[in-house]
Amino acid sequence: MALSLESTTSFHMLTVSGSTVTELPGDSNVSLNSSWSGPTDPSSLKDLVATGVIGAVLSAMGVVGMVGNVYTLVVMCRFLRASASMYVYVVNLALADLLYLLSIPFIIATYVTKDWHFGDVGCRVLFSLDFLTMHASIFTLTIMSSERYAAVLRPLDTVQRSKGYRKLLVLGTWLLALLLTLPMMLAIQLVRRGSKSLCLPAWGPRAHRTYLTLLFGTSIVGPGLVIGLLYVRLARAYWLSQQASFKQTRRLPNPRVLYLILGIVLLFWACFLPFWLWQLLAQYHEAMPLTPETARIVNYLTTCLTYGNSCINPFLYTLLTKNYREYLRGRQRSLGSSCHSPGSPGSFLPSRVHLQQDSGRSLSSSSQQATETLMLSPVPRNGALL
C-alpha cells in the first residue's frame, strides 16, 4: 500500500511497501512504536485534520480514477476485435490502474482507525498489490514503446505479430510482475503488538532494504533506460524522416501517438519516483533530519502522487486512443491513394503491402493491423532510418 504510517521518532524506519514501522534500538525484531499511537493522541488536532484531508483527497481520487478507468475499459471493449496492438495494451494499463485504486478504501480505513482490520490475507494481498500493478504498468509501457519503435523502424516485423501474440506479452508482464512481488507476498504477515495489529515482513531490515532496492531497479531504473534508449533512437529516426519527407512530399509526419505514450511514461515516473526516493531514503538513512510533521506531509504528498497517476491516466488513455484511431484512418486513406499512384513518392508504403501479399498473407482480414505498423512517413530509399 502506498500510504505509510510514518514514525514520530528518530528510530530507523523499516518500510513495508508504503507502510512504515519502527525498529527500536537493541531489538532485532520490528516492534510497534508511535507510528500507530502518536496520531491517536487527543491533543493532536493537526493529525486529525490531516487524516481527514488525506481521506477526502484519496476518496475523490478513487472515485474519479475508478470511473475513468471503467469508462476506458468499456470503450476499449468496442475495439478489442481489431488487430491493433494499442487497444490490448490500453486495456491492460486501465486494469492495473483500477486494481491499484481498489486499495484506497483499505488505506483510508487503516489510517482513520490506526489499526489493521483485514487479517493476514489482507496483509499479503494489499501490501503486494502496489508492487504488482506498478510493475505491470511500467512493463506494459515499455512494450508499447518498443512496439512504436518497431512500427517506425521495422514495420514488416510488427505486421507479423498477431493480437494473440500481444495478449501473451501482456500475460507475461503480469507473470513477471507477480514473480517480483511474490517475496513480499510470502514474507509479510500479521503481527499483534499490544492492542494493535500490524503487517510486518518476516525478514530483517537488511533483506528488506535489498528487496526494495531490487524493485526500484526493476520498476524505475531498468525500464527507464530501455524506454530512454528507444525514444532517443526514435527522435533520431523522426528527424531524418522529416528531412526526407519534406523534400519528397512537403508533409511532415505526425508523431502524436508517440508523444502521448511518452507522456504516460513521464507521468508514471513523476508520480512514482518521489515515492521510491522517500522509501529508499528511509532505508539508507537511519536518522533523517525531519520533524514528524514534515515526514507526515512528505508521506501524504508521495501517497497522493502515486494514486494521482492512476487518476489522471484515463484522460491520457482517451487522448491516446482518439489519436491512434485518427492515425489508423489516415494511414488507410494514404494506402488507398498510394495504390493508385505507384510512381508517387509515397509508393514505398504499398510496396510493403505487396510484399505481404506475395508471401501468401491476406491483408483483407487484417488491414488495420497492416496500416497500424507501417511507417508514419515515407522512408528514404537509401535506408537511412534502418
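Each Cβ is built from the backbone N, Cα and C atoms, and glycine gets one as well.
Neighbour count (other Cβ atoms within 10 Å of the Cβ, all protein chains): 23 for Cys199 (disulfide bond). Here Swiss-Prot flags Cys123-Cys199 as disulfide bond.
Taken from Swiss-Prot, the feature N-linked glycosylation site applies to Asn29 (among others).
Look at Swiss-Prot and you will find Asn33 (among others) tagged as N-linked glycosylation site, backed by sequence analysis.
Residues or ranges marked as topological domain 'Extracellular' by Swiss-Prot: 1-54 (among others).
Feature annotation from Swiss-Prot assigns topological domain 'Cytoplasmic' to 78-87 (among others); the stated evidence is sequence analysis.
For the topological domain 'Extracellular' (114-124), the predicted model reports an average pLDDT of 90. Swiss-Prot lists 114-124 (among others) with the feature topological domain 'Extracellular'.
The topological domain 'Cytoplasmic' annotation in Swiss-Prot covers 147-167 (among others), and the record cites sequence analysis as its basis.
Feature annotation from Swiss-Prot assigns topological domain 'Extracellular' to 187-209 (among others); the stated evidence is sequence analysis.
Feature annotation from Swiss-Prot assigns topological domain 'Cytoplasmic' to 233-258 (among others); the stated evidence is sequence analysis.
Here Swiss-Prot flags 285-299 (among others) as topological domain 'Extracellular'. Assigned with DSSP, the residues of the topological domain 'Extracellular' (285-299) fall into helix, strand and coil as follows: 8 helix, 0 strand, 7 coil.
Here Swiss-Prot flags 322-386 (among others) as topological domain 'Cytoplasmic', drawing on sequence analysis.
The feature transmembrane segment is assigned by Swiss-Prot to 55-77 (among others), with sequence analysis given as support.
If you look up Swiss-Prot, you'll see 88-113 (among others) marked as transmembrane segment.
Sequence-distant contacts of the transmembrane segment (125-146) (same chain, six or more residues past either end, CB-CB distance under 8 Å): 1-2, 16-19, 85-86, 89, 92-93, 96-97, 99-100, 102-103, 106, 118, 169-170, 173-174, 176-178, 180-181, 184-185, 188, 199, 215, 218-220, 223, 226-227, 230-231, 261-262, 264-265, 268, 272, 306. If you look up Swiss-Prot, you'll see 125-146 (among others) marked as transmembrane segment, on the strength of sequence analysis.
With a cut-off of 8 Å between Cβ atoms, the residues of this chain six or more beyond the transmembrane segment (168-186) that come close are 16-17, 88-89, 92, 124-125, 127-128, 131-136, 139-140, 143, 201, 211, 214-215, 218. Taken from Swiss-Prot, the feature transmembrane segment covers 168-186 (among others).
Within the chain carrying the transmembrane segment (210-232), a Cβ under 8 angstroms from the stretch's Cβ atoms is held by residues 15, 131, 134-135, 138-139, 141-142, 145-146, 148-149, 180, 183-184, 203, 258, 262, 265, 269, 272-273, 276, 279-280, 283, all 6 or more beyond its ends. Summarising the annotation, Swiss-Prot assigns transmembrane segment to 210-232 (among others).
Cβ neighbours within 10 Å of Cys123 (disulfide bond), excluding its own Cβ and spanning all shown chains: 24. In the three-state DSSP scheme, Cys123 (disulfide bond) is classed as helix.
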